[in-house]
Amino acid sequence: MKRLFVITAFFLFGAEAQNSVIDAAVVNIFGNASEYIPPGYEIVTKAPLGALTALPRCGTGADQGKKVCIVYHRCDGVTNTVTPEEVINTTGEGIFDIRENANECESYLDVCCGLPEGGVLPTPSPTPPVVPVLKPSFCGIRNERGLDFKITGQTNEAEYGEFPWMVAVLKANVIPGSGEEQLVCGGSLIAPSVVLTGAHCVNSYQSNLDAIKIRAGEWDTLTEKERLPYQERKIRQVIIHSNFNPKTVVNDVALLLLDRPLVQADNIGTICLPQQSQIFDSTECFASGWGKKEFGSRHRYSNILKKIQLPTVDRDKCQADLRNTRLGLKFVLDQTFVCAGGEQGKDTCTGDGGSPLFCPDPRNPSRYMQMGIVAWGIGCGDENVPGVYANVAHFRNWIDQEMQAKGLSTTPYVE
């Protein structure tokens with residue numbers, strides 16, 4: 001009997017140990033199981049909207065007061081009626097005007113939606129589990145028309161989810177309403193657990209990593225009504241280029257290693273990186289960011305991610321233009337910089353240091369490569385005064401070496 005007990009116990013504890021090994025392997029590959037979402041699925045973490053009768057009423061004419069204001073993805077686009085929380089409309093292509101809300105609802109992301117008969121939501125019919133189709137993951141894919149909806153009436157606002165690689169580097173312990181600036185810098189996602197940003201942004205945080213965090217998938221900083229939530233991560237290491245000069249901002253590049261990988265979603269993806277020494281010549285590059293003073297601001301329309309289209313400026317012209325400024329005739333543009341802009345009223349001058357400058361891939365214009373990192377400039381949006389950016393192509397080999405030294409794959413910013 002004792003022998004049988006020992007054998008049984010051996011199998012029980014052996015199975016438990018084996019399961020632990022398997023669980024550890026799963027976590028190693030996918031991250032925490034609670035964070036892993038297979039492609040084709042999503043987790044909605046929004047708070048319940050409450051009873052329908054408590055929602056603001058809307059409607060015009062005969063429907064006046066018979067409809068309710070509800071977030072856009074809770075309204076069926078075909079029947080124009082409210083759906084249960086378990087059913088989320090992800091196929092709508094609404095057009096929202098962020099300047100004038102003509103649908104009577106307080107938020108531009110709310111719609112005036114009809115109530116089901118009797119005011120009671122139908123119980124969703126059970127459906128068999130859907131086996132997700134694994135879609136290939138590509139870097140540099142821009143959602144030009146946005147996700148779910150397209151906005152009108154904008155002034156340089158990006159569409160929702162337009163640039164999935166955009167990341168905000170934030171102070172971790174800002175008290176809401178304190179007036180303290182929350183945004184430290186911008187950045188770009190180059191791998192699930194790696195953010196590329198400017199060294200000048202994070203140099204002072206190397207010994208105080210708990211003071212900052214990153215946020216990916218953000219768009220409008222004053223609402224969480226978007227269908228896809230943003231994701232935040234802590235930073236476990238800051239890697240600054242060893243030759244970074246804080247006084248001249250030469251070699252202004254840094255990598256932020258996250259405490260765990262971000263989960264890929266339609267609003268979160270990576271940007272492609274250029275080959276070493278690659279040169280860009282394009283009028284269709286973009287820079288994006290919120291602006292340090294505008295992030296989370298209550299000033300109207302300043303809370304949505306901005307974009308600005310900029311032309312590249314070749315090195316000789318950029319240096320000549322900058323010599324006409326207070327820099328003087330002896331100024332020499334370091335090879336670690338590239339230039340863009342120089343058009344009246346178009347510049348990255350709102351405190352968006354570390355944010356990406358990206359251009360169409362010359363071999364595949366439907367994808368984007370990161371040309372630069374917002375570094376410095378003279379004035380703001382003046383004619384013939386280009387903005388200056390860290391030259392990402394100059395640092396490609398350095399980025400690869402740092403990634404490989406940490407055992408991280410370079411594939412997410414190549415394919």
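Just so you know, glycine gets a Cβ as well, placed from its N, Cα and C.
Cys69 is paired in Swiss-Prot with Cys105, the candidate among Cys75, Cys105 named as its disulfide partner.
Disulfide connectivity taken from Swiss-Prot links Cys75 to one of Cys112, Cys113, Cys139, namely Cys113.
The record in Swiss-Prot pairs Cys112 in a disulfide bond with Cys58, which is drawn from Cys58, Cys185. Less than 8 angstroms from the CB of Cys113 (disulfide bond) sit Lys67, Val68, Cys69, Ile70, Arg74, Cys75, Asp76, Asn80, Thr81, Val82, each of them six or more residues away in the same chain. Each residue contributes its Cα atom, and for Cys285 (disulfide bond) and Cys339 (disulfide bond) these two points are 11 Å apart. Neighbours of Cys272 (disulfide bond) among the binding-site residues Glu218, Asp220, Thr223, Glu226, defined as a Cα within 10 Å of its Cα, are absent: none qualifies. Thr223 (Ca(2+) binding site) falls outside any helix or strand according to DSSP and counts as coil.
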